[in-house]
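The structure under discussion appears below in the form of structure tokens.
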Amino acid sequence: MRSSVPSLRLPCSAAATQVSVFDTDDKPHEQCGVFGIIGDPDAAQMCYLGLHALQHRGQEGAGIVSSDGSALHSVTGLGLVSEVFSDASKLAPLVGSAAIGHNRYSTSGAASALANVQPFVAGYRFGQLAVAHNGNLVNYRSLRHELESKGSIFSTTSDTEVILHLIATSAARPLIARIVEACESLSGAFSLVFLTADKLIAVRDPHGFRPLVMGRRPNGAVVFASETSALDLISAEYVREVNPGEVIAVDVNDMLIATSYLLTRKPRKSCVFEHIYFSSPNSIIFGHPVHASRYNFGAALARESPAPGADIVIPVPDSGLFAALGFAGASGVPFKQGLIRSHYVGRSFIAPNQEERDLAVKLKLAPVEGILAGKSVVVIDDSIVRGTTSSKIVRLIKNEGKAREVHMRIACPPIVGSCYYGVDTPRAEELISNRLGVNELRQEIGCDSLGFLSLESMKGAFGEGRHMLCDACFTRKYPVTAPEPLAAEVGDEAED
Ligand code: SF4
């Protein structure tokens, strides 16, 4: 083994077949949230809180790596942040004033899941390096093949491991130059935080697919996070986005911030689905408040696709809430909470027959008959992916809630493309809008009318920023073509 090959602390059992897993909520799933902090005596504690605020970006694993100035310390585990760090003793080993953390959304089996929980830590000839990654590399296979042909030995099938090998085998000096050189080789989506003994480094891909923001705590600590909601929880002030293609390094000794850019420049293409569904409504994503985007989507939907004679507007909770408020505000139709979501139900079981499958939805959503009975109801949902849940919701409102009419309105355009950039979506043939037109879909769902927000109106909500959004899952116009088969199609896991 060449001395430059990193030794990863990852078991060899990490290889796993990626299976597209969907809850009965029938939503695409974000793959991960990242967090980093430096210059704080309670770095690990702040990281823990930050990961709490990013829990919606991944619920199957969490981890924190800290630096005490000379060595890295790591704790990772399966489950929610509150389960992995279930008491103070779990945070106790994570000493030091710098830390990075990661929430993982897993699509692989439990046996391999722990090995893939980030941050990953590598030991190589210049010391230790940890990384946490949100996104997906579309050229992972060719990079790995090239590295393996030069002698690199991989411990996992994670695309994030490729990044560590590229850094370790780079001849550039110093570390920042190695990271820049490695990231120049990457294609696809990457919002990264790295930690060494004395530095915290944040990098965002040139398209800026996934979000990454910078903040500062009152004590001067510098913070990076996938969303501003993580800054809010630890009283950090939002400073700005990490710009697409930007590399920001902070040294623990003098807290100086050094900024540079990758040489590769690309048009900005930030994921519009962060505003439709993924991000927390109290976050500012790509410079826009998420709750305001969703409200505007709903208002535009009311203008484009009104429901004359409707008595009430209700959201599919929780993700349809702000769009329903927007629809109600623009249409004058009263907003009501006609469905109550249970927050105490985990992943629903897959039931064998129709009646039991409906029960799985009823476990999550309860109709309020006193609000719905006899009414013409507009139901606002954020999106339809495979269409497996919408018909159950309509039956629930009609049969259990005793509504007279159900008019479904969707606060985004029909989804017709899979995502290559860090979002777990089904294959194109599984997307119901690839198979059915709007009227056929209305019949399939069983609602009285169905309307989608147009692409123009959705993007119009961002003003001048509308040209800087990735909308490939609605248009199939991919900013980065995938030169290699999607990992899911060939049975490999291209990890987040
Ligand atoms: Fe987001 Fe869709 Fe683009 Fe993927 S394809 S980055 S989900 S807008």
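Count begins at 1; order follows the chain as displayed.
Heads up, the Cβ atoms here are built off N, Cα and C, so glycines get one too.
Whatever TrEMBL says is automated annotation, not expert-curated.
Residues Cys271, Cys470, Cys473 are given by TrEMBL as [4Fe-4S] cluster binders; from Cys412, Cys419, that same site also lists Cys419. Binding of Mg(2+) is attributed by TrEMBL to Asp381, Asp382, and within the candidate set Ser319, Ser433, Ser449, Ser454 the record adds Ser319 to that site. Taking Cys271, Asp381, Cys473 as the candidate binding-site residues, the subset whose CB lies under 6 angstroms from any atom of ligand 1 consists of Cys271, Cys473. Counting other C-beta atoms within 10 Å of each candidate's C-beta, the binding-site residues Cys271, Cys419 are led by Cys271.
Cα to Cα, Cys473 ([4Fe-4S] cluster binding site) and Asp382 (Mg(2+) binding site) are separated by 14 Å. For Asp382 (Mg(2+) binding site), the spatially nearest entry among the recorded positions Cys32, Cys271, Cys419, Cys470 is Cys271, judged by CA separation. When the Cα of Cys419 ([4Fe-4S] cluster binding site) is compared against those of the recorded positions Cys32, Ser319, Asp381, the shortest separation belongs to Cys32.
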